[in-house]
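Copied from TrEMBL, the annotated features are:
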DOMAIN    2-185  domain 'Glutamine amidotransferase type-2'
ACT_SITE  C2  active site, for GATase activity
BINDING   D98  L-glutamine binding site
BINDING   L231, V267, S341, G342  ATP binding site
SITE      E343  site 'Important for beta-aspartyl-AMP intermediate formation'
Amino acid sequence: MCGILAVLGCSDDSQAKRVRVLELSRRLKHRGPDWSGLYQYGDCFLAHQRLAIIDPASGDQPLYNEDKSIVVTVNGEIYNHEELRKRLSNHKFRTGSDCDVIAHLYEEYGADFIDMLDGIFSFVLLDTRDNSFIVARDAIGITPLYIGWGLDGSVWISSEMKGLNDDCEHFEYFPPGHLYSSKEGDFRRWYNPPWFLEAVPSTPYDPLVLRKAFEDAVIKRLMTDVPFGVLLSGGLDSSLVAAVTARHLAGTKAAKQWGTQLHSFCVGLEGSPDLKAGKEVADYLGTVHHEFHFTVQDGIDAIEDVIHHIETYDVTTIRASTPMFLMSRKIKAMGVKMVISGEGSDEIFGGYLYFHKAPNKEEFHKETCRKIKALHQYDCLRANKSTSAWGLEARVPFLDKEFINVAMNIDPESKMIKHDLGRMEKWVLRKAFDDEENPYLPKHILYRQKEQFSDGVGYSWIDGLKAHAAEHVTDRMMLNAEHIYPHNTPTSKEAYYYRMIFERFFPQNSARLTVPGGASVACSTTTALEWDASWSKNPDPSGRAALGVHVSAYDPLPPVAPNVEKVSPKILNKKARMVEVM
């Protein structure tokens with residue numbers, strides 16, 4: 001992932017402004033340590049920090065069309081760039097970069113070309129012929145992007161909040177699947193799939209169609225000119241990514257450059273569920289496996305850096321981002337610049353444990369739609385910024401545009417969790433890869449219960465975070481929380497602790513508004529919290545809060561003592577106990 005920064009239509013085109021843009025661009029240098037570029041045209045500045053994955057030798061940005069009248073700075077990967085180059089046979093390209101097609105597509109088709117791009121991207125395109133510009137973000141929001149407005153009428157664009165928060169009167173996240181045009185002065189949605197309106201689909205489930213769509217999505221992401229690997233926690237999603245990658249690596253350009261031996265990476269506390277399962281899958285697939293251990297104290301020590309890079313105070317995201325942040329540093333130190341990861345599957349297939357309580361297929365489907373729409377504020381943000389903090393790129397095949405179209409068109413009745421029929425969470429995905437003749441994975445891995453990443457790295461990780469927060473946030477602070485933080489008021493000491501750190505880095509009201517809020521259990525939306533009355537008594541985002549579902553669920557909260565109006569919140573440090581799956 002690269003870092004882009006643009007200041008468009010500012011009132012000051014002086015050398016001082018150029019120096020300021022360079023200064024702000026350097027705040028994004030962790031995203032692109034390989035090259036820095038800056039283009040100025042009058043009162044418009046386009047800056048770029050490059051992480052070179054395709055054509056490292058000549059793909060530096062900004063990029064141009066033939067006569068340099070169209071200038072573009074891009075963060076992303078365009079997987080169908082070779083096909084698009086064939087459609088642009090009358091154009092001449094300066095580089096082999098996959099992003100080089102964007103300026104030429106605009107010249108040929110205008111702004112309507114965006115849906116032709118198969119990949120992930122955030123870009124700013126300046127047309128010097130009429131001094132207009134467009135900004136666009138990929139369908140799901142896998143690449144981060146923010147937009148801000150200055151008092152002088154300028155528009156600011158940045159891959160991260162820290163590139164614009166000190167200079168804009170107001171800023172917000174750039175909505176996924178949208179385009180902003182200076183001519184229109186507003187956003188319009190370019191990504192309009194059928195599932196977005198939440199209409200319930202009726203296409204019968206075909207396991208082979210689903211399998212083929214996912215394999216195609218993984219194969220696309222083997223496009224690389226640098227060393228790469230896979231993240232392998234041993235859960236279903238990362239294990240399928242690793243299995244498909246291992247099967248199809250031979251014969252690719254990447255294999256010719258770097259060999260057919262796949263490298264896999266896992267992180268966890270000593271003895272964690274993920275480390276054990278990850279090693280087993282790696283042995284089964286024959287990958288060169290790398291385990292990274294961290295302690296609870298290692299994670300706690302990194303929290304401030306994590307919040308500064310991830311730019312959120314959301315509890316779930318910080319819990320999961322910290323081990324990923326620590327692992328990414330180790331991976332980059334080994335010379336690897338790109339990894340393939342399993343984010344997105346749970347949102348598409350209803351994999352979180354709270355989906356066990358979905359009352360019907362209509363609610364099940366609507367919740368998956370809500371979850372996918374919110375991914376850019378949660379797992380996409382975590383996966384991108386945790387890795388980009390160290391100049392590492394994460395690719396996510398489950399969020400491939402074509403794969404989502406296939407998966408979200410399946411009749412949700414097939415996705416429903418039905419114990420009487422032997423169907424657990426993500427059954428349709430598991431069944432698609434349950435090949436008796438040529439198995440992708442061991443059966444018990446293929447049917448392993450969902451573990452959220454922040455749980456799978458070791459249950460004591462979350463318990464340790466809660467205990468640490470309790471040492472720094474008093475009961476009196478919690479009593480005044482709604483006055484200190486009236487927006488998204490923290491409801492736990494852990495949330496309060498993260499909020500204090502976040503506000504120190506990003507004190508602006510615009511910043512706090514970029515973070516979602518609302519009660520949640522096991523990563524549910526607030527709407528789905530209503531599926532089970534007992535969950536409202538224990539609204540923790542950990543999967544273990546799904547009482548009666550997770551096999552290592554938290555103990556139920558003790559009953560409130562009679563004649564006591566208010567009980568001070570306490571951290572539950574009990575060991576998880578085994579409960580029967582309902």
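Including glycine, each Cβ sits where the backbone N, Cα and C put it.
Largest Cα-Cα distance over the residues recorded as binding ATP, namely L231, V267, S341, G342, equals 14 Å. Averaged over the domain 'Glutamine amidotransferase type-2' (2-185), the predicted model has a pLDDT of 95. Closest in space to the residue listed as 'L-glutamine binding site', of the recorded positions given as V267, S341, G342, E343, is S341, taking the CA atom of each residue.
Distance noted between the C-alpha atoms of S341 (ATP binding site) and the residue listed as 'active site, for GATase activity' is 18 Å. All chains included, 28 other C-beta atoms sit within 10 angstroms of the C-beta of V267 (ATP binding site).
Between the CA atoms of V267 (ATP binding site) and C2 (active site, for GATase activity) there is a gap of 24 Å, rounded to the nearest whole number. Remark: L231 (ATP binding site) has S238, V241, S264, F265, C266, M327, V339, I340, S341, G342, A394 as non-local neighbours, by Cβ distance under 8 Å and separation of at least 6 in sequence.
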